[in-house]
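Novice: Found this in Swiss-Prot, in case it helps:
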ACT_SITE  CYS168  active site, acyl-thioester intermediate
BINDING   ARG69, GLY70, GLY71, GLN72, VAL73, THR74, TYR75, HIS76, SER137, LEU138, GLY139, GLY150, ILE151, ALA152  substrate binding site
DOMAIN    30-206  domain 'BPL/LPL catalytic'
SITE      LYS134  site 'Lowers pKa of active site Cys'
Amino acid sequence: MNNIYQKDLGLQQYNKVFENMLEFTSTRTPETNDEIWLVEHPAVFTQGKHGKPEHILNSHNIPIVATDRGGQVTYHGPGQAVIYFLLDIKRNKLGAKKLVTTVEQACINMLDKYYNLKAHIIDGAHGIYINNQKIASLGLRIKQGKSYHGIAINTNMDLTPFSYINPCGYSGLKMCQLANFYQEADIKKVQQQYTAEFVTLLNNSI
């Protein structure tokens, strides 16, 4: 397996990072190393490529950005650990379904290993849940065998803006965050812990 570079981008506007993902993916070659980007975004709603406007109930002047990822509308904001996967999935011998399950399982493993939290998935509703409340959302895009976008883990943030939308297209979906269970939750630690679990699973799948 090739090297995977980690880039900690800090706090960055969503639009800028989205544009950078598109550029990286469109210009990469078979020799380009895979990258994982760790980032935090100012408040923004992002709409998936099949997103329906009626799922945004009231934006409260929070910007709305249309993207090409899978899924419906979600919210990003400070205190949320976002991890983007810029991978050559063909080179890593991953199909789209395997990539999704690896992204999900890494989050489940992280929450169990570091926080003793038993998380789960729900059939037909991608994401990670604790007691049927969503703690992590994912949306990916694969273009010509290359992935981008990723997972957002609610860590230590204001969850109120999720009530302004139907998160991921589900009316009344309850959200939670790591800080509900672990007051000292820190996004930098979560990003590093998650990435370690993801890379371990990826290596084991090769």
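From the backbone N, Cα and C atoms, a Cβ is placed for every residue, glycine too.
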Novice: Have a look around LYS134 (site 'Lowers pKa of active site Cys') and count the other CB atoms within 10 A of its CB, chains all included.
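Specialist: The Cβ of LYS134 (site 'Lowers pKa of active site Cys') has 23 Cβ neighbours within 10 Å.
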Novice: Hey, how far is GLY71 (substrate binding site) from CYS168 (active site, acyl-thioester intermediate), Cα to Cα, in Å?
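Specialist: GLY71 (substrate binding site) to CYS168 (active site, acyl-thioester intermediate), Cα-Cα distance: 6 Å.
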Novice: Write down the Cα-Cα distance for CYS168 (active site, acyl-thioester intermediate) and TYR75 (substrate binding site), rounded and given in Å.
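Specialist: Approximately 9 Å lies between the Cα of TYR75 (substrate binding site) and that of CYS168 (active site, acyl-thioester intermediate).
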Novice: Can you tell me the CA-to-CA distance separating ILE151 (substrate binding site) and the residue listed as 'active site, acyl-thioester intermediate', as a whole number of Å?
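Specialist: Their Cα atoms are separated by 13 Å.
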Novice: Cα of VAL73 (substrate binding site) to Cα of CYS168 (active site, acyl-thioester intermediate): how many Å, rounded?
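Specialist: Approximately 5 Å lies between the Cα of VAL73 (substrate binding site) and that of CYS168 (active site, acyl-thioester intermediate).
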Novice: Quick check for the class: what is the C-alpha distance, in angstrom and rounded, between ARG69 (substrate binding site) and CYS168 (active site, acyl-thioester intermediate)?
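Specialist: ARG69 (substrate binding site) and CYS168 (active site, acyl-thioester intermediate) have their Cα atoms 12 Å apart.
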Novice: For SER137 (substrate binding site), what residues in its own chain, 6 or more apart in sequence, show a Cβ-Cβ distance under 8 Å?
Specialist: GLY71, THR74, HIS126, GLY127, ILE151, ALA152, PRO167, CYS168
Novice: Sequence gap of 6 or more, Cβ distance under 8 Å: name the residues on the same chain that satisfy this around GLY139 (substrate binding site), in order along the sequence.
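Specialist: Long-range Cβ contacts: THR46, GLY48, THR67, ARG69, GLY70, GLY71, THR74, HIS126, HIS149, GLY150.
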Novice: For CYS168 (active site, acyl-thioester intermediate), list the number of other Cβ atoms lying within 10 Å of its Cβ atom.
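Specialist: The answer is 22 other Cβ atoms.
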Novice: Between any two of ARG69, GLY70, GLY71, GLN72, VAL73, THR74, TYR75, HIS76, SER137, LEU138, GLY139, GLY150, ILE151, ALA152, the residues recorded as binding substrate, what is the biggest Cα to Cα distance in Å?
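Specialist: Maximum Cα-Cα distance: 15 Å.
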Novice: Could you tell me the mean pLDDT the prediction assigns to the domain 'BPL/LPL catalytic' (30-206)?
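Specialist: PLDDT averaged over the stretch: 93.
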